[in-house]
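Here's the structure, in structure tokens; my notes come after.
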Number of protein chains: 2
Amino acid sequence: MLTYTTGEGNYKDWILGEDEFCLRHQGKGESIFCLANGYMGIRSAHEEPYPFQTRGLFVSGCFNSSNNETVELPNGADTCEMLITLDGELFSMTTGKVTGYSRKLNLYTGELIRKLRWVSPKGRGYELRFCRTVSRSNVHAYGLKAEICPLDKAADIEIVSGINARMTNSGVQHFNDGTKKVLDRQYLYLDQTTTQSNLTLYHCCGSKITGGTPGERSFGMQRRKILETVRFQAEKGGKGCYEKLAVLYTSRDLAEQDEEQGKSLVLEHLENLVEKGYDGLYEESAKAYAAYWKEHDVRVKTEYPGIQLALRFAQYHLLAMIPPDSRSSIAAKGLTGEGYKGHVFWDTEVFILPYYLFNSPAKAKQLLEYRMNRMERARRNAGKKGYCGLMFPWESAESGREETPLFASMDILTGKAAQVWAGIKEHHITADIAYAAWMYELATGDSTFLENGGELLIIGSALFWRSRSIYAKDRSRYEIHDIIGPDEYTEHVDNNAYSNYMAHYVTRQAIHLLRDGDGKTAVRAEEYFQETGILEKLEDFADKLYLPQPLDNPEGVLPQDDTFMSKKILDISGYRNDNIKQTILKDYSREQVNNMQVLKQSDVIMLMELLPDLFSRKIKMANWEYYEPKTIHDSSLSRAIYSVVASDCGEPKKAFASFLHAIAIDMGQNPYSSDEGIHAASMGGIWLAVVRGFAGLRIQKDTLYLAPCLPKEIEEIKFHAVYRGKKMEICVSHRNIYIESRDSSEIPVKIMGQVYKLTHNLDIKY
Amino acid sequence: MLTYTTGEGNYKDWILGEDEFCLRHQGKGESIFCLANGYMGIRSAHEEPYPFQTRGLFVSGCFNSSNNETVELPNGADTCEMLITLDGELFSMTTGKVTGYSRKLNLYTGELIRKLRWVSPKGRGYELRFCRTVSRSNVHAYGLKAEICPLDKAADIEIVSGINARMTNSGVQHFNDGTKKVLDRQYLYLDQTTTQSNLTLYHCCGSKITGGTPGERSFGMQRRKILETVRFQAEKGGKGCYEKLAVLYTSRDLAEQDEEQGKSLVLEHLENLVEKGYDGLYEESAKAYAAYWKEHDVRVKTEYPGIQLALRFAQYHLLAMIPPDSRSSIAAKGLTGEGYKGHVFWDTEVFILPYYLFNSPAKAKQLLEYRMNRMERARRNAGKKGYCGLMFPWESAESGREETPLFASMDILTGKAAQVWAGIKEHHITADIAYAAWMYELATGDSTFLENGGELLIIGSALFWRSRSIYAKDRSRYEIHDIIGPDEYTEHVDNNAYSNYMAHYVTRQAIHLLRDGDGKTAVRAEEYFQETGILEKLEDFADKLYLPQPLDNPEGVLPQDDTFMSKKILDISGYRNDNIKQTILKDYSREQVNNMQVLKQSDVIMLMELLPDLFSRKIKMANWEYYEPKTIHDSSLSRAIYSVVASDCGEPKKAFASFLHAIAIDMGQNPYSSDEGIHAASMGGIWLAVVRGFAGLRIQKDTLYLAPCLPKEIEEIKFHAVYRGKKMEICVSHRNIYIESRDSSEIPVKIMGQVYKLTHNLDIKY
């Protein structure tokens, strides 16, 4: 079982743990306890080998396509495996007797610690403690420590560990065999180069015995493996301690160096790290974590169990997934697993970017730069499909081309693969990215951003939408046909509410940019897009783009698309709480689901989350009530958004109920939820539900806006935010909003409809 | 521990078993208990998954090169894995309590049976029995059965099993992703195509419940995997029984069919097999095994434990490794593991072919045809290296080109790979193959064989040797310089005794063919090799080729090469009995070993085994005594040959001692000996030590020759032999030789120097 309350004292609500080892369900812990620093992620597979283990090491943005399969983040060599032999008996939690097992991820320090007591099959007792850190202070470094305390008599310990490049992505090998050797007669070195993208991973590791009496050390090689065997002794009641330090670089990091320089840099780093030892590595990393939490920890006063921890869990993973620079962006599973092949979806801009926008705007900008660096490709994508402007890929990797596989898993009976329409028809990503760029602009006022491509991105998106629409002469309006909205259970629809409204919004912002610019913007845009009269064209498009309106019956409901309301309604209650997702597809074909009012997630509610000012509370609530019972929530993006919109509507009970579902997505007890990695967007969603939802923080036009709607279970929420460069700490309780800032600039803050000026503090009762 | 005496009654000396499960040492059992039928081999990894397991499925001759790595036999999809859940608890021998474990390979029936009693962690008791058969009667079929008997109360059983194409060769993936589907709503189908050689493996399997109450069955797919989940119930004391039947075809087998026809053939075969069930499959296969043993079983009367079993173990594997046709030959590990990449070495012609020559001459011919089919390539190989005639590759796979990797494992300190000289300098293979062809000719008198390429093979080998030698004018003789003999611890030597003598022998036979032919042979040879005056050239070469002669001091010792005798002698006793081979290379570099009188195996003794009539007993014994203490026996080819030559010398004690070492190579208790597969040549060696050595059977010129030398531990040896088409059974005891034949032809048999005529029987006292 996962444990949520083992953190004590200073670590109260900082520790996510588990109190038993379950052979079958290792994937869950491997993902949710994953250690990552944005540069690399290492799945928390146990040191000793077990069946059902999925070891994984992923480097952000290091993609490869093996034998023309869909490009993916390859699983790099493993260094974490240790074969531990204690007095001649191989340590395994499946043999002998294990008591006192616990594994704890300390979110405050980023350290994973496992403890247990093992009585071997022959009856000897040992206490074992394993710790592991992937450094937050230096992204190339990580380390492990194994401490063994013999309980009955002095013990002979043998550890075999090394670098194992036999790892695959579910059987797909992405690397050619490389060089392996022992450096300076003590460090293990192995490099591996991807088969197609020609990226090299340089692995180097060393070890030392820092407890007990060191014995002999020897080295060995096997195919795609280099190993050391270390023997040492520990006294009864004493501690035998093996530390393994490792560094990982890629050829991208060493592009400036020639090969020899690069390798010495790697070795030097390792030497330095081994000298520091595990504790030194840990301390530096923990310090960096502490600094992060000091600036970003969202504190929730509540008696309700697990909420504070869930927020920190989400923030931990939001930090773990953010790359060091704009060469890469955030994968749908972060760096925690093979799921979705490490591709970048709208999840990043819509669910994760807001967190960074209010916490580290530079990181939000970095995420947008990843897209802007691929704008040229987006222009080509559009051109190839016969559209104008920019067309961003539904799934993005290195090049910025469309990476969505054309075919999904095969039909089990026919062996025919089902076509995946998302890459072909799910176009809202292009609006989502432009929306995020505009939000960035609003929140930061960073004018260079617009000039350096931001305005082209927004205008390009608008141009795309214009070309993506058709002009329906009979109705004298632009319509968008044959599209897929966020709700992927409804494909090939016309005038999807989400897509039309988002296209419209983005076009309005583009017009704004074109009008308000000193004319240079229009020149730049016309030049870049090789198109004249852009402003006029967009004005015409915005004026005439069809925006579906709320119905009279059912009152206030915004139809998800032209045909949705005429579809059959199905009782889906049985599918809503399954441990396994998408079970409806076992009973109904995709075609059948497509023809019912069955939602994976809601387009309309999503729209109301992003553009809340377009709709009255009443309309929003009508849609919430209409769509929620029809939503299976088979997407991890669903619950948090329902929560935010319920908060917006002043429905804290509903908001809180949805929120509880949202925090359970990865952190709940469902043992299957996270096998292939955590749900990156859901981490952003948790933060959104609390800060955007309960605390009601958002941007309304040019103003920071606060309209809290605290559920009764939450007494107070205290969080950091940056707006227009101004750092502040905001504390929201049921009757009070307190804002504090050390910056002396003045900004307007709109609270519950009324505008205040904030310099150093604001204390508003409501 | 391995057990040798568990066979009882009719199965006495037919069962090799083990009585405990050792997590760390699974490789040994996976290899020695491997089930194979020459077409395919399946390593005997346990059904349920464990770390340290190496599953393997290899199809003879289906090679692939992944990303330009050395070509190898790829590890095909696995169908043997089963996840077994008993009343909600996952079955694993590492959890709960296992008693009464035994695993037995019945050599008589070819069936592998595992039995055990398991008390689950929750305290429930079950008896489990697993059996497995790879069919001997139809090479495409195999099956598994799991029988579960609940001891305490009725049990719910769930088995998840399917086809898993994630298998790799130590991390190297040889297959592209293929199609997977459920056929007829009940059979699992998966195909996989090699990345470079474009060979497709078609896997199809089905299951049925033949004990207990069947429950639901469902199917699932994952990346490179298709699975079924079967639930059933068994009564207390009753038997829940799951049978899995499978067929495997390759695109080579279905080359005549179009794809659809091929697939229906596969499905039809499976349907038929599932109808028969496991027991039907087993019975047909066991019948074919029985027929084999009836014709080929070597029976040894002895009180000495393990000898009869060892012979049958060897014969079992000799049968398991022989391919169905001449498209492929025998790999150094048969079909039992990844070792040596499935390549074909001289092991086949020199160690294994003699067994077939006297047991199934057609199979011996088939092995030679594999070489003859690649003669054109051997001619090109020779030409490319500047030689004449035929040059066979040291390691051969599909094409017949040289496949020996140029570089071996890297130097652990420098990361530089050591050059492998075998492929460049170990040329005796070309003599070995020609020698084997000549032996085939002598044993069968099959004249069409010579006409259809056999004579070219022998003449081509002789031509190669002539071009491979240099004429030393000062000594007026041909010499062969810079060569490696079978003893690979001595590289780059001149006038290696083995190579020079074998070259000479082969040249003599070539001359014989050229002289005795009606002139057509010479014409054919001159045409094929584009060379004139071949006979004269070879006569000159044979007359003047230097053959090293026994020394006066040390008396009678034939120097292994020109410089060997001047090298330093090292006490190697410490290395001779290591569980791990080649440990001398941890203390000395290859260069240092090369400069000492240290042998991996003996060239001179090998020579005396192949050409026994060239040397007197005294000379042979002098060499045995000189070389044996200098031989580490790091090659599995070594001990059996020492045994044969000791028998030849009338030294049964020495012969028996060497023989005991030889039978322990795979069947001994050393848990590391066979991880990467059994030693195919050693299987031939065991038979050679007994039939060629103790019973003294060989061909001397045109006559079958018998000169027994039974060790006192063996009372009698009874074996089958075919010579010149005449089948006979030979029984050798200490004072008597009895030969019986049902054929009415008459042949001369030379026994201890005296010639007898054999028609139906011969009873000779000696």
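In case you wondered, yes, glycine gets a Cβ from its N, Cα and C as well.
The annotation domain 'Glycoside hydrolase family 65 N-terminal' is assigned in TrEMBL to A:18-252. TrEMBL lists A:312-687 with the feature domain 'Glycoside hydrolase family 65 central catalytic'. According to TrEMBL, the substrate binding site annotation covers A:W346, A:D347, A:K600, A:Q601. The active site, proton donor annotation in TrEMBL covers A:E488. As annotated by TrEMBL, domain 'Glycoside hydrolase family 65 C-terminal' applies to A:697-758.
In this structure, A:D347 (substrate binding site) is part of a helix by DSSP. Straight-line distance linking the Cα atoms of A:K600 (substrate binding site) and A:E488 (active site, proton donor), rounded to a whole number, equals 6 Å.
Between A:Q601 (substrate binding site) and A:E488 (active site, proton donor), the C-alpha separation comes to 8 Å. Largest Cα-Cα distance over the residues recorded as binding substrate, namely A:W346, A:D347, A:K600, A:Q601, equals 16 Å. Just so you know, of the recorded positions A:D347, A:E488, the Cβ with the fewest other Cβ atoms around it within 10 Å is the one at A:E488. For the domain 'Glycoside hydrolase family 65 central catalytic' (A:312-687), the model's average pLDDT works out to 95. When the neighbouring Cβ atoms lying within 10 Å are counted for each of the binding-site residues (A:K600, A:Q601), the highest count belongs to A:Q601. Apart from A:W346, A:D347, A:K600, A:Q601, the substrate site neighbourhood in this chain, defined by C-beta within 8 angstroms of the site C-beta centre, holds A:F345, A:P486, A:E488, A:M606, A:S635, A:S636, A:L637, A:S638, A:A681. Taken residue by residue, the domain 'Glycoside hydrolase family 65 C-terminal' (A:697-758) breaks down under DSSP into 0 helix, 41 strand, 21 coil. In this view, A:W346 (substrate binding site) is surrounded by 26 other Cβ atoms within 10 Å of its Cβ, with every protein chain counted.
Between the alpha carbons (Cα) of A:D347 (substrate binding site) and A:E488 (active site, proton donor) lies a span of roughly 14 Å. Rounded to the nearest whole angstrom, the C-alpha distance between A:E488 (active site, proton donor) and A:W346 (substrate binding site) is 13. The DSSP secondary structure for the residue listed as 'active site, proton donor' is coil. DSSP assigns A:Q601 (substrate binding site) to coil in the three-state reduction, outside any helix or strand.
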